[in-house]
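Feature list (source: Swiss-Prot):
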type: DOMAIN; residues: 1-102; note: domain 'HPt'
type: MOD_RES; residues: His45; note: phosphohistidine
type: REGION; residues: 125-155; note: region 'Disordered'
type: COMPBIAS; residues: 128-150; note: compositional bias 'Basic and acidic residues'
type: REGION; residues: 267-286; note: region 'Disordered'
type: COMPBIAS; residues: 268-286; note: compositional bias 'Basic and acidic residues'
type: DOMAIN; residues: 291-541; note: domain 'Histidine kinase'
type: DOMAIN; residues: 543-671; note: domain 'CheW-like'
Amino acid sequence: MMEEYLGVFVDETKEYLQNLNDTLLELEKNPEDMELINEAFRALHTLKGMAGTMGFSSMAKLCHTLENILDKARNSEIKITSDLLDKIFAGVDMITRMVDKIVSEGSDDIGENIDVFSDTIKSFASSGKEKPSEIKNETETKGEEEHKGESTSNEEVVVLPEEVAHVLQEARNKGFKTFYIKVILKEGTQLKSARIYLVFHKLEELKCEVVRTIPSVEEIEEEKFENEVELFVISPVDLEKLSEALSSIADIERVIIKEVTAVTEESGAEKRTEKEEKTEKTEEKAERKKVISQTVRVDIEKLDNLMDLMGELVIARSRILETLKKYNIKELDESLSHLSRITLDLQNVVMKIRMVPISFVFNRFPRMVRDLAKKMNKEVNFIMRGEDTELDRTFVEEIGEPLLHLLRNAIDHGIEPKEERIAKGKPPIGTLILSARHEGNNVVIEVEDDGRGIDKEKIIRKAIEKGLIDESKAATLSDQEILNFLFVPGFSTKEKVSEVSGRGVGMDVVKNVVESLNGSISIESEKDKGTKVTIRLPLTLAIIQALLVKVNNLVYAIPIANIDTILSISKEDIQRVQDRDVIVIRGEVIPVYRLWEVLQIEHKEELEEMEAVIVRVGNRKYGIVVDDLLGQDDIVIKSLGKVFSEVKEFSGAAILGDGSIALIINVSGIV
């Protein structure tokens, strides 16, 4: 039966791990925030329960270890530090590897010793803990084999409900001592309520009075609690005797005892605030539950099948339109127009179903940036914007690695160490921005840093050294042409190779991935100001609007999303400047390429009048010269397969309404 729920378990576990990572990153910025500590604790507690239910004992055990560490932080026994979070993050990474192993092999055995890790982090937490400032003395009592009790004498003020505060204060006025006791049972303890009853029995023997328990006595009797119970006690005996008595009870992992020397009643305002907060949280939960209830999980394969069928419908519609043009059957015009509208609406709905927020990609990066910056001894303020920007799920699967490389480059090459930034008059903390937005029919993703920028002179020297250009050619290059050398395979300006970057691989791979998605990439950089890398992707790779053009009676398709403008030109409009053909549009010089020359196909004598399709690739423009324009159409992109994967000029093919094939021009691959 469990196999049926494995997919749901994996999906939900990944979501919890992502939320846990985000919470821990926030906790590092606000280590005293008890709400964040509680949130992380609850996430691990839920993960532990899910893993236990599915029978993944190693994962459940590891979650329990991390849960206990955060529980100590909740009880102010230890403080959250960056070093402690390093250990917790390492544990979260182990859980992630377990999930990957569960997906691939159905087992959570990752070949790593969980006990060793658990002992290490427990030891670190104990040795590195900082005692709260208000605690004066602390004594420990140990059983014969292991530590069970901790007793704390402190001047601690506890905020309690009015009735409890009144009782404890009255008891102190009469000379009694008042204590806060936390009993933690061992994991897997049977008959938990019976063990807590033994605690009550011991307290009764010592003539102690239990004023309040958390959870309630009824919940304890029904075992509606995990492994912890909190008590407020009035006692005639001192802390040491209490600790000695309670530590002797079997199956108790630990007892924490604090003497309460002052109590404070909740004010009316506090009560109202708490009530309001609870109401708000209840409303938030109800709203979240409402949203969840309106969503369903759909297998990706089913979405792909739906998209394929949608594509076939678009092709069928185009063929019907083509047939009607030949026979001019007016009676069918209205029906066909209605069919076209329905097809278009259906197409838009299917496209939206495939869209997912880019946060699915972005959310993995804050943790990576934090770890890498710390490893390289740099301080980085990482800002993400536009995480709710939606794009086709195909891009989500493909764009992650290129963005990862760009972020690593920014931290390694771009952002300077603290001392260097101060010497330059910059803020000591570097800024790294990852943003996404919709721009027309494109998704624009930018990676921007305020680091040292790219040394263009260094790029030119390296290009000359590699024999890519000579010195005379170098003098004529624009800034953009210089920066484009970074996309040449094996090109790197970094002298010293690090394990992060500088191995001469990466940017060419980034460019190849982006262009395989019919996208474009460009770089802007200013020395000592920073660098910005911009990626432009079409909204979808499935069905696109394209301009059909003709060259030598062959039909090609150019994606509308890449087209800036279209104009008719004559042979005389094309000028030769610095060994390249250009045209001038409203004072702007734009390079042009004859499509037949780019594709190396035979062409009849150049026509007096031709069409120039001006396309935009990143922040560059150029013109594609063709014989004629055939109009705009919705086309379904079909892959050319592995055999033609090296042909950069084409990004795919499409079946037209008359059954013929049109190759789709990859505007990034022409230049």
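Including glycine, each Cβ sits where the backbone N, Cα and C put it.
What you see is a predicted model, and the numbers here were worked out from it, not measured in a lab.
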Taking the Cβ of His45 (phosphohistidine) as reference, which residues of that chain separated by at least 6 in sequence fall under 8 Å from it?
Cys63, Glu67, Glu226
Reported mean pLDDT - the domain 'Histidine kinase' (291-541):
82
Take the domain 'CheW-like' (543-671) and count its residues per DSSP category (helix H/G/I, strand E/B, coil), listing them in that order.
13 helix, 76 strand, 40 coil
